[in-house]
Amino acid sequence: MSAVQPIPVDTYKLGFIGAGKMAESIARGVVKSGVLPASRIQTAHKGARRATFVSIGVDVAEHNNQVVENCDVVIFSVKPQVVKDAILQLRPLLSKKKLLVSVAAGVKLKDLQEWAGHDRFIRVMPNTPSAVGEGASVMSLGAGATQEDGEIIARLFGAVGKTWKADEKLFDAVTGLSGSGPAYIFLAIEALADGGVAAGLPRELALGLASQTVLGAASMVTQTGRHPGQLKDDVTSPGGTTIAGIHELEKSGFRGTLMNAVVAAAKRSRELSPN
C-alpha cells in the first residue's frame, strides 16, 4: 500500500460542506483559539448564513466543489439525511490526499467510506455545548486515516471543548450520554430552579443559582479528578440538609432514571442508524 500523503499541518486549509451551527461553532472556536487563522477556512453558502461566516473572516465560496478543490481537510457538517448525496455529488474530487470528516449523527464509517470511494475518513460525534466552547466530542478513525490525521482533528475539535477517541461500535452509547445528555441536564437545571421557586426564591435568582451550581459541580469533578461519590460525601454532613435532599432523590430512583435515559437514547440511536 502506498504511503498516505500527510496533511501539511502548518499550511493546510479547512473546508466545511454545510454552513450550519456546528460548522459555525468549530470555525469560531479554531479562529478564537488560534488553531487556524480564518484565512485558511472556507465554506460555501448563498443564503443568509453567508454573512455569519464572513463576519468570522471565513472565505465563503459559491459552490461546495470549490471548497473541496481548495481544502486539504473537509468536514461534512450536514444533516444525516443529506450526507450521502453531499458526498456522492463531490466524489470525483475526493482524492485520498484529502482528509474527510463527518459529524452526521448515526452515519457509519463503512457507508461514508463507500460513498467517498476511500477510507481516509474520521467520524466525530460532537454535542451542542460546542457552541460555547464546552463540547464533548468523540472520534473514530477510518482505516485509511493516520495517527497524524487524528491529531489534526483532535486539535480542531479541541478548540470547542474536550475530545476522546473511541471505537465506532460505542457511538450509540456516546449518543445516549454526551449527544443527548445536555437535554437531560437542561431538564435538571429547570427542575432545580422550579424547586428554588417552590421554596420561595425569585425565578431569576433560582435559575442563576441552579445553572451555576450544575456548572460548579461538573467543574469540581473534572478539575479535582475525585470520584463524584466522594465529592457528594464531602457535602453531606450527619443529619443535615443535604442528606435530606439526597434521601428524596434516592427514594424517587434518581440514579436509575438517569441511567435509563442514557440506555433508552442509545437504544433509539441503534434503531435509527441503518446496519
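Positions of Cβ are set from backbone N, Cα and C atoms, glycine also.
Per TrEMBL, the feature domain 'Pyrroline-5-carboxylate reductase catalytic N-terminal' maps to 13-106.
For I17, G18, A19, G20, K21, M22, the entry in TrEMBL reads NADP(+) binding site. Its Cβ taken as reference, G20 (NADP(+) binding site) is surrounded by 15 other Cβ atoms within 10 Å in the chains shown.
As annotated by TrEMBL, NADPH binding site applies to N64. Applying an 8 A CB threshold to same-chain residues 6+ apart, the list for N64 (NADPH binding site) reads I17, A44, A86, Q89, L90.
Taken from TrEMBL, the feature domain 'Pyrroline-5-carboxylate reductase dimerisation' applies to 168-272. Mean pLDDT for the domain 'Pyrroline-5-carboxylate reductase dimerisation' (168-272) in this predicted model: 97.
The number of other CB atoms found within 10 A of the CB of M22 (NADP(+) binding site), across every protein chain shown, is 23. Within the domain 'Pyrroline-5-carboxylate reductase dimerisation' (168-272), the DSSP-based counts of helix, strand and coil residues read 90 helix, 0 strand, 15 coil.
Note on the domain 'Pyrroline-5-carboxylate reductase catalytic N-terminal' (13-106): DSSP counts are 45 helix, 19 strand, 30 coil. In sequence order, F16, A23, E24, T43, S77, V78 are the residues of the same chain, not among I17, G18, A19, G20, K21, M22, whose CB sits within 8 A of the CB centroid for the NADP(+) site. A simple Cβ count within 10 Å picks out one of the binding-site residues A19, K21 as the most packed, and that one is A19.
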